[in-house]
Amino acid sequence: MGMDFSTLRTLISRYCVGEENWVDSRTIYIGHKEPPPGTEAFIQQRFPDNRIVSSKYTFWNFIPKNMFEQFRRVANFYFLIIFLVQLIIDTPTSPVTSGLPLFFVITVTAIKQGYEDWLRHKADNAVNQCSVHVVHHGKVVRKQSRKLRVGDVVLVKEDETFPCDLILLSSSRDDGTCFVTTASLDGESSHKTYYAVQETKAYNTEKEVDTIHATIECEQPQPDLYKFVGRINIYMTNEPVARPLGSENLLLRGATLKNTEYIYAVVIYTGMETKMALNYQSKSQKRSAVEKSMNAYLVVYLCILISKALINTALKYVWQSDPNKDEPFYNQKTEVERQRHVLIRAFTDFLAFMVLFNYIIPVSMYVTVEMQKFLGSYFIMWDDEMFDEELGERAVVNTSDLNEELGQVEYVFTDKTGTLTENNMEFIECCVDGHVYVPHAICNGQVMPGAAGMDMIDSSPGPAAREHEELFFRALCLCHTVQVKEEDTVDGIKHGIHQGKSTSFYISSSPDEVALVEGMKRLGFTYLRLKDGQMEILNREDEVEKFELLEVLTFDSVRRRMSVIVKASTGEVYLFCKGADSSIFPRVISGKVDQVRARVEQNAVEGLRTLCVAYRSLSPEQYEEVFQLLNRAKLALQDRDKQLAEAYDLIEKDLILLGATAVEDRLQEKAADTIESLHKAGIKVWVLTGDKMETAAATCYASKLFHRNTQILELTTKRTEEQSLHDVLFELSRTVLRQHGGMTRDTFSELSGDCTDYGLIIDGATLSAVMRPGQEGSNSGNYKEKFLEICRNCSAVLCCRMAPLQKAQIVKLIKASEEHPITLAIGDGANDVSMILEAHVGIGIMGKEGRQAVRNSDYAIPKFKHLKKMLLVHGHYYYIRISELVQYFFYKNVCFIFPQFLYQFFCGFSQQPLYDTAYLTLYNISFTSLPILLYSLIEQHINMDILKKDPCLYRDIAKNSLLRWPTFIYWTVLGVYDAIVMFFGAYFLFDNTTFTSNGQLMTTNTQMMFGNWTFGTLVFTVLVFTVTFKLALDTHYWTWINHFVIWGSLIFFVVFSLLWGGIIWPFLNYQRMYYVFMQMLSSGPAWLSIILLITASLLPDVVKKVIWRTLWPTTTERIQNADKLYKGQLSEFTPLASLHAPSKGSSHRRGSENQRNPRRSEPFTKKVMFTRWQKAPDYCTFTPLLRFADSSRHSRQGYNYSGAGPETSV
C-alpha cells in the first residue's frame, strides 16, 4: 500500500468525521502483540487502569484535606485562633471553654463526612471489583474490572454492561453487528446497531480472536459521546490493510449489550479516560445559602466583638490614666509587667477582652446545625410516602449538608427519559381516512371491564374503505426497523404476553416503532419476522403474507420520515412512508387530508406522539429508476449523505395519505401533577434531554410543562440555518419583551392572567453557538445575556439533543446569572451526572438506567412524583427550622454576652467575668442547646397536608426570605434590648446597699447578700428563662418531647445551680459560688424581680407579633390562624385559595385552566371510540359520575373532555 501515513490520516478524517482536525493520537496493540518487524516502531504507551473513582478522600489524605475544608469555615478558624490565644496568654477564662467545643465540632463533622465518603468508596469498589471475561492466550479468563488494560480483548455476553470503551471486533451475529442500549449514557433506551470491521467479523471463537494481529490508532480520549476518529491496521500475509473506525464501531462504558449472544472487543479507553467518566464533573463541596448567610452574620458579629474589645481596651487605659485609679494595692504589678511596652500591654488586654467576649460567636451553633442536618435527614429516609413498593426502595440521603436548600429551589432541571416518563411507549389509537380505531378499549394501561367483548372495528365496511384500512395496517407492519426476539423475558420482565399466551416480543432503535407494531398486533395484523429478505405478517384471517424487502430509506432528523420499498407476493411494488405530519402532508397528492390533519392536531394537543402514514405504488420501470438512483448515491465516496438525501427527496413524493397514529410515552405516575405543583410554588422547570425535539416537545405538553395556549419559541439548528443566530436571538428577545414590557416573568405572573405564556425550545448545536466566546469584531459577546433574557421571560424551557456536559453548562449558566438562583437537577442516568454535580442540589432517580446518578447525587428518590413532597414539605420544614435555629443562636448569645460588656463599665475594665466559669461553659452546651435542637428537628409551623395541597406557600420562604438582613437586625436588636433589661433591672434591684453586723454588704430592699457572683447569677437566671420562653413562644407544634425538653432544661439548670453552689467541690481551687444560688432564691423580692424581668424582656416581641399578624399577615400566618379555627382540620373544610392574599390569586389561573384540558396520562377521562362506516364518527366519553350533568361543555363535533382536573374538588 503505497500511501503514506499523513495522506491516509487526511482521508480518514475526511470520510469518517468531515474536515475535523486530528487530535493527538494513541496506538493500541490488540492483545498486546507487537506489529511485524519493519512495519512500524513498537512504542508501548502507559495508560491508566480501569478504576472508577467517585469518592473525595483517600485513607491518607482524609485528615489533612478534611481539616483544611473545615477550617475554611470562618467560625472554626476563629475558634482555633481564640483557643491558641488562651493557651499563649493569661486570659480570664480557661482554654478548655473554647478547645472542648471546637474539638467536638471538628470530630462530629469529620465522622459524618468520613462515613458519607466511605459509602462512596464502597459503591466504587462494587463496580471496580465486578468480574470481566478476558481472552488470554486463546482462553477466556476472569479478571476484576479495575485490572483491565488498554489492548485487552474482552468477551461480553448478552445483557452485560461494557466495562470500559471498546472497539467491536466480532459478534455472534453473522453480519458482525450487535445491538446496544445506551440508556445510562444519553437517556435513550432504544436499541442501536454497532458494526465490526469487515476483516475481523469472522473471528468468532477465543482461539480465532487470539490470532488477530492488528493495531489501532485513534484520538486521545475526549468527552463527546457521538464522535470518534481512528483506524485499524490489520497485518495479514501481504501488505497491512487499513480500515477507518468511527463512532459506529465504538462501544461505550455503561452501555448494555442486547439481542446479541456475545461479542469480542478490544479495550481502547479505560477508567477515568472513558467517555462516560470524562462527562462527569469534578466533585466540589456544595454549600447551602443558609450556610453562606451564617458566615455573613458571623463576620458581622466578629466586627461587633472586635469593636467591643477595642472600646474596652481604650476605656481601660483612659480610666487608668488617672493615677488614683491605677491598679489597687493588692494587685501590684511585677517589675517585668511594669517595664513592658504600653503597646504590648494594650495588645495583651485587647486579646484578653476578645477571649472574654468571644462567646458572642456561637461555636455550639455549628455543632447543633451539624446534628440537626444529620438527624433531620433521617426523616426523608423514614418517610413512608416516599417508599416505592414496585422498586422496594426508599429515598436516600447521600449528603445531609443541603437539607434546607430543598426549601430554596428556584429552578428545576430535569431529564426526560426515565425521569418524567416511564420510558414505555403505548399505542393509543389510529385514524384511517378519518375513522378512529382504539384497540381493546385500553384505559390507563388496564383493559376496561366488559371491553373484551366490544368489537372496536366495524367488520362490514365498504370494499374501498376496507381495502384502505388493510393497506394502512400492512404499511405499519412493514415500514419499520423492528427486530423480533423469540424469548418471553428480558431484564426479568415478561414481554409479548398476548391474551394470556407468551409469544415473541419486539425490539427496535425506536420505542415508537415497537408501540406501533404492537398496536397493529392488537388490531389483528401481526409482524412475524424478517427472514432471508422476506418480511412475514399474519393477517386477520390467520394467513401468513410475505413481502420482499427491497429498500429501506432510513429515518433522519432533517427529513423526519422513513420509508420502505416492498414487493408483495402478487408482484406489486409499494413504497410505504411514515413520518411527522409536517414532512408527510406537503408530499401527499390525494387522501382525506383534512380529516386526518384535524385528528393529528387534536392528538398533538393532548401530548400524544403522532405519525402520518402514506403510500405509493411503483411500476417495474419506476422501481428500476429508483434502484439506480439509490445505488449511485450509496456508492458515492464524497458527499454521500447529501446525495442520499437528494435521492430520498425524489423518491418520496406523489404519495397517497392513508391515516395517522397516536402513541403515548407514558408519563410517570403524577409527573404532570408534580410539575404543575412546582409551577404554582414559583419554581421554573426546564427539561434537558438527549432526545429528539418532537418527542421531547410532546412529553412537555403531556406533563403540563407547555400548555395549549403556550406560544412556542424555537431556537434550533433548523431555524438558525434560515437566519443568522444573531437575528434569531434578537427577534425572540423582541417578541418576549414586547409582551412583558421589560418585566420579568415573576412580576407579571402576579399581575395579569391575560399575558401570553412563552415556552422556549433550544437544541444542543444552537446552545454551543450561544455559549461560544465572542470573536473579535463580532456581535456574539452578548449572546449569553440575550439567551438568559429570553429564558427568564419564558414559563418553561425545553433543551433537546443535549450532550451530558451541555446539561451541566446550562445549569452553570443559570447559576452564574445576576439573580444567582438556587438550582436543582434531577435525572436517572449516567448522562445526568454532570448536571447533578453542577446544580446546588442534585437528585438521582432510582430508574432503569443503572445507579450512577444515584451514586453521585445528594439525594435519591424512587420516582419523580416524590420530588413534590421533598421540596414542598421536607424542604419547607428544613428551611423554616434551620433559619429559626440560626437566628435564635445569635439572639441568645447577644443576650448572654452583652451584659458582660456592660459589666466592664462597673468593674474598672478589669476583664472580670460576670458569670461563673461553669455557667460560661455550659450555657450553650447544656442549658439552652437541647430545646432549639429539638425545635429544629420536629417543628411543623403548618400542617403537612396543607403544604402539599397549597404549593404557593413555598413562595413565602423563597430567596432566603427568613434570613435576610432586616430579620437578622431585628433579632440582634431584640437580643441587645433583652440584655439591657436583664442587666440594668438586676442593677437597680441592688441599688441601695448597707453593711450587715458581720461586715457583709446587703441590699436593704431585698435582704439579699450582695456580691458580684450573686449579681451575675441573678442576670444569668433571668437570661436562661427568657431565651427558653422565647423559643416556647415561637413553637407551633407541641408534643410531649417539646414539653419534656423545654421544661426539663430549665429544671436541669436549677438543679445544677443548687448542686454547684450547695457542695464544696474538692477538685476546684476556688469556692466562689458556694451558697450563692440558695442565698439568691431565699429572697422573696428576687423571685418577683426574676418574673418581672422575664416579662419585660419578652413583652415587645409578643406585642410586635400580635400587631403584625393582625394588620399585615403573611399567607402562612393566615393559614395558621385558620387551622387553629378548624382545630387542625383545615385541609378538609375550606378551599385554601381563599386564604391567600388577593395579589396571589391570579397565580392559580394556569392551574384552573389546565383542569379543563386533562392529558391522557391522567386517570380521570379516557375515551373509547368505535366507528360506523356509513356516517360521521361517534365518540363516547367516560367521565367521573358527577360530571354527566355538565353537558354544556360537550361540543357538536362529538369529541371533548369534561373530566375533573387533578385538584378539582367535586
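Think of each number as a place in line: the chain as shown, counted from 1.
Here the Cβ of each residue, glycine as well, is placed from N, Cα and C on the backbone.
Caution: TrEMBL annotation is automatic and unverified by curators.
The Mg(2+) binding site annotation in TrEMBL covers Asp415, Thr417, Asp828, Asp832.
Of all Cβ atoms in the shown protein chains, 27 besides its own fall within 10 Å of the Cβ of Gly690 (ATP binding site). Per TrEMBL, the feature ATP binding site maps to Asp415, Lys416, Thr417, Glu513, Phe555, Lys578, Arg609, Thr689, Gly690, Asp691, Arg801, Lys807, Asn831, Asp832.
For the domain 'P-type ATPase C-terminal' (854-1114), the predicted model reports an average pLDDT of 84. Per TrEMBL, domain 'P-type ATPase C-terminal' is recorded for 854-1114.
Summarising the annotation, TrEMBL assigns region 'Disordered' to 1138-1161.
What TrEMBL lists as transmembrane segment is 71-89 (among others). For the transmembrane segment (71-89), same-chain residues at least 6 beyond its ends with a Cβ under 8 Å from one of its own Cβ atoms are 95, 97-99, 101-102, 105-106, 294-295, 298-299, 302, 348, 351-352, 354-355, 358, 361-363, 365-366.
If one looks beyond the transmembrane segment (296-319) by at least 6 residues along the same chain, the residues whose Cβ comes under 8 Å of a Cβ in the stretch are 74-75, 78, 325, 342, 346, 349-350, 353-354, 357-358, 360-361, 886, 890, 893, 901, 904-905, 908-910, 968. TrEMBL lists 296-319 (among others) with the feature transmembrane segment.
Annotated transmembrane segment per TrEMBL: 350-369 (among others), in sequence order.
Positions annotated as transmembrane segment by TrEMBL: 918-938 (among others).
Per TrEMBL, transmembrane segment is recorded for 968-990 (among others).
Annotated transmembrane segment per TrEMBL: 1010-1032 (among others), in sequence order. Residues of the same chain lying 6 or more positions beyond the ends of the transmembrane segment (1010-1032) and with a Cβ under 8 Å from any Cβ of it are 888, 891-892, 895-896, 899, 903, 907, 912-916, 919, 923, 927-928, 931-932, 935, 978, 982-983, 985-987, 989-990, 993, 1000-1003, 1046, 1049-1050, 1053, 1057, 1072-1073, 1076-1077, 1079-1080, 1086, 1089-1090, 1093-1094, 1097-1098, 1101.
Outside the transmembrane segment (1044-1068), and at least 6 residues removed from its termini, the chain residues within Cβ reach (under 8 Å) are 916, 918, 922, 926-928, 930-931, 934, 1017, 1021, 1024-1025, 1028, 1031-1032, 1035, 1074-1078. Annotated transmembrane segment per TrEMBL: 1044-1068 (among others), in sequence order.
Annotation comment: TrEMBL describes 1074-1099 (among others) as transmembrane segment.
Among the binding-site residues Phe555, Gly690, Arg801, Asn831, the residue whose Cα lies closest in space to that of Thr417 (Mg(2+) binding site) is Gly690. Cα of Asp415 (Mg(2+) binding site) to Cα of Phe555 (ATP binding site): a distance of 24 Å. Spanning the residues Asp415, Lys416, Thr417, Glu513, Phe555, Lys578, Arg609, Thr689, Gly690, Asp691, Arg801, Lys807, Asn831, Asp832 that the record associates with binding ATP, the maximal Cα-Cα distance equals 32 Å. Comparing C-alpha positions, Asp828 (Mg(2+) binding site) sits nearest to Gly690 among the binding-site residues Arg609, Gly690, Arg801. Taking Cβ pairs closer than 8 Å, the transmembrane segment (350-369) reaches residues 73, 75-76, 78-79, 82, 85-86, 89-93, 98, 101-102, 104-105, 108-109, 294, 298, 301-302, 304-306, 308-310, 312-313, 882, 885-886, 889-890, 892-894, 896-897, 900-901, 904, 911, 913, 920, 923-925, 929, 932-933, 936 in its own chain, all 6 or more past its ends. Of all the binding-site residues listed here (Asp415, Asp832), it is Asp415 whose C-beta has the fewest other C-beta atoms within 10 angstroms. Within the group of binding-site residues (Thr417, Asn831), the Cβ with the highest number of other Cβ atoms inside 10 Å belongs to Asn831. Of Phe555, Arg609, Gly690, Arg801, all annotated as binding-site residues, the residue with the shortest Cα distance to Asp832 (Mg(2+) binding site) is Gly690. Taking a C-beta cut-off of under 8 Å and a sequence gap of six or more, Phe555 (ATP binding site) has these contacts in its own chain: Ser510, Arg561, Met562, Gly579.
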